[in-house]
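Novice: Right, I'll just put the structure down here and ask away after.
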Amino acid sequence: MYEAAQADNDVICTTKDLKLREAVSEKKQAAGIRNVRFNNPVSVGTHGDVTEWDASRKNGNLDLYNRLKEETHMLFHTGRDENPKIKAAFGILSGLLTGLIFLVILRFTFDYTYLQAGIITVVYTVIVCIGLALSSLCRCIMAILVPNFFTGKGRAILLSIIFGVMLSGPIANISHNFKESGNSLACSVDLIKDQLLVLQRKLDKPVKDIILNVNKKKEALEKTVFAAHRSITEAQSTLKEISQTLATAGPTLEAAYQECQKPFNDFYRTCSSGCLFGLPCPCNEAKDFFDGLCNNVRKTSDNFVTTTATKTMVALDDALKLFTADVDMRVFAKGGANSSKTSKTIQEEINKEVDEKVNVLQMMSFVTTKVLSVTLLIIFIQSFLYIKSYLAKDGYDNVYITKGFRSFDAEQERLGQTSLLPLKKSEHTKYVDTRSWKLNSFELTYCTTGLAQVFLHFIFCVTVVLFDYVLFYIMNLVRIHGSLELGIQGKGTLKIIVHGDGPVKDFYEFLFQGLDINEGFTSNLHLSRCLPSPIKPYDSNIPVFLVLYLVAIGVVCLRGYGMRLRRKISAYYYPEQEKARITFLHKTIRNRRAGVQRFLRQQVRSTHKECTIKEQLRISTWLRSNCQCLDKVLPNRNQRKCTSCGQTGKESGSTIINCADETTGKTCKAMYCGDCKAALAGMCPLCCDNDVVLRD
């Protein structure tokens with residue numbers, strides 16, 4: 001068994017070394033206790049009791065400290081299967097603590113009810129406590145959960161928490177202020193409607209007064225007409241009685257006519273009998289005269305009845321027509337206030353629209369939070385899969401140059417192999433040196449991606465917060481400067497004056513009396529009660545958002561360190577696998593370097609051949625070789641650059657060194673930078689051409 005629980009959890013040592021180290025630590029510990037006891041003797045002077053009590057108290061504190069140290073050592077600095085009872089008890093306590101944290105997260109982060117969160121937490125706590133008490137694999141998985149929160153899933157959970165704060169803060173305030181604007185509009189509609197109804201009542205009042213006055217005049221006229229009508233009716237009744245009386249006197253006059261005719265008729269017969277032989281006789285003339293006298297009696301009777309009755313009835317009918325009248329008033333006074341929408345409808349429509357948008361966001365947040373709550377299980381599964389791959393694949397996530405790797409490399413160097421440290425310049429982008437606080441390039445790449453997501457989320461949050469403040473600012477300006485009181489006044493006067501004398505004047509005065517109009521109205525619009533009352537955004541949300549985004553940025557930036565911690569935790573629980581991984585990584589780097597060395601050798605020969613041919617075919621080279629006077633005139637195109645990588649001294653950051661063959665003493669034309677010379681292991685392919693062929 002191997003132990004990796006030293007200062008940085010990277011030292012790999014054998015079981016024999018571990019036992020020896022534990023024995024030495026126990027001896028030092030015992031010696032320390034004895035020294036403490038020797039250096040704190042109990043004095044027997046005047047204050048001996050006090051000194052003895054102080055010494056015993058110090059010794060008791062030291063004993064407690066040493067016991068805690070021993071128990072901590074037994075808990076953290078022993079193998080996986082050692083001290084199972086202590087580790088089981090500590091695992092149960094850890095499970096209860098994580099269960100409490102899990103309950104808080106479910107209730108206040110993912111918005112579960114207390115009942116739902118309680119049921120899930122109880123099931124989770126029971127399973128985790130059993131696993132932590134009985135399985136070292138479960139303890140390792142639970143320990144890896146912490147650094148796994150620094151991955152994208154933990155970042156997603158944190159961003160969802162921020163979105164939940166946005167929903168309960170700025171977005172809820174925006175929703176309320178929008179509803180407040182709808183309430184203001186509905187109040188304005190109600191105010192206008194009420195004022196129109198007031199004006200309508202003001203306009204109806206003069207009409208109602210005129211109707212009342214006309215009704216009074218009508219009643220007075222009806223009384224007068226009724227009196228005249230009654231008099232005429234009485235006259236008609238009297239006339240009818242007279243007519244009946246005359247009708248009764250008609251036969252009497254006829255009898256008088258007959259009596260009048262009788263003596264004249266007798267006289268006529270006598271006279272006629274006395275006229276003989278057609279002599280002129282005055283009987284006929286006498287008869288006509290006497291008939292005329294008798295007819296006067298009949299005519300007198302007929303003319304009296306007919307003329308008197310007819311004229312009187314006609315006169316009475318004409319008089320009755322004069323007093324027959326009726327007043328029919330047709331009054332049309334109607335008013336109302338119509339609107340395309342009522343205030344209640346406006347409020348309901350605005351609230352409905354706002355609630356629909358907010359409900360969509362709340363539903364999205366609800367679904368997202370419930371889905372992200374499953375992320376906790378996914379993180380647990382991710383931790384399990386990481387341990388599974390860590391134990392099964394030696395090359396999985398094996399890019400860390402740890403203290404154990406450096407010790408193994410030093411041991412290999414003592415055995416005669418070439419040391420791999422320090423790493424080549426090209427290898428710094430592939431492997432992570434755990435001694436360095438600086439993040440590697442691919443670690444920075446993950447940070448850049450995460451920071452981009454956090455930055456976009458931050459822009460969205462800033463937009464929402466700014467919109468909340470702008471909306472409040474606009475509505476507050478309306479509330480401050482929109483306090484308007486509008487007063488409307490109006491007055492109308494009608495006065496009828498009748499001039500003249502006589503009954504006509506009296507009749508007109510009677511007719512127009514009470515028709516004078518002197519009305520006015522006053523209407524006041526108080527718009528202040530309909531002004532919106534927006535709620536000011538909570539300034540306390542800003543530091544909350546800043547803290548949450550700083551935590552999110554910290555999670556993103558610490559991702560690389562979290563992955564390092566994840567590897568160290570795995571190495572702590574499985575040091576034998578870490579040993580195998582170190583060996584695998586050492587061989588991988590060595591084999592990659594061997595492949596790179598073969599490639600560099602071929603690259604040097606190809607580059608040297610290319611440069612030689614170009615130099616031979618260059619015109620300036622031919623001129624300088626044939627005419628030495630042009631040697632100083634023509635520019636020297638040969639620069640000191642590495643034959644392998646082609647970089648100059650400034651570009652490579654190192655000195656360009658000429659190659660020298662130590663066996664023959666000849667100077668080679670090749671030049672190398674420090675990295676390429678180290679990569680070639682100090683052997684120039686141009687100087688050792690045969691050796692290069694054999695090695696390739």
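For all residues, glycine too, the Cβ spot is worked out from N, Cα and C.
Pulled these features from TrEMBL for this protein:
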{"type": "TRANSMEM", "residues": "88-108", "note": "transmembrane segment"}
{"type": "TRANSMEM", "residues": "114-135", "note": "transmembrane segment"}
{"type": "TRANSMEM", "residues": "156-174", "note": "transmembrane segment"}
{"type": "TRANSMEM", "residues": "363-387", "note": "transmembrane segment"}
{"type": "DOMAIN", "residues": "396-586", "note": "domain 'Dendritic cell-specific transmembrane protein-like'"}
{"type": "TRANSMEM", "residues": "454-475", "note": "transmembrane segment"}
{"type": "TRANSMEM", "residues": "542-561", "note": "transmembrane segment"}
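Distances, neighbours, how buried they are, the whole picture for these features please.
Specialist: With a cut-off of 8 Å between Cβ atoms, the residues of this chain six or more beyond the transmembrane segment (114-135) that come close are 87-89, 91-92, 94-96, 98-99, 102-103, 106-107, 142.
For the transmembrane segment (156-174), the list of distant contacts is 109, 111, 149, 358, 361-362, 365, 368-369, 372, 375-376, 453-454, 457, 461, 464-465, 467-468, 471-472, 535, 537-538, 541, 544-545, 548-549, 551-552, 555: same-chain residues at least six beyond its ends, Cβ to Cβ under 8 Å.
Long-range Cβ contacts of the transmembrane segment (363-387) within its own chain (Cβ-Cβ under 8 Å, at least 6 residues beyond either end) map to 102, 105-106, 109-112, 137, 140-142, 144-145, 148-149, 151, 153-154, 156-157, 160, 163-164, 167, 397, 566, 570.
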Novice: For the transmembrane segment (88-108), find every same-chain residue at least 6 residues outside the stretch whose CB is under 8 Å from a CB in it, and list them.
Specialist: 75, 114, 116-118, 120-122, 124-125, 128-129, 131-134, 138-139, 142, 373, 376
Novice: Same chain, outside the transmembrane segment (542-561) by at least 6, Cβ under 8 Å from its Cβ: which residues?
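Specialist: Sequence-remote neighbours of the transmembrane segment (542-561) are 149-151, 154-155, 158-159, 161-162, 165, 169, 432, 439-440, 443-444, 446-447, 450-451, 454, 457-458, 461, 465.
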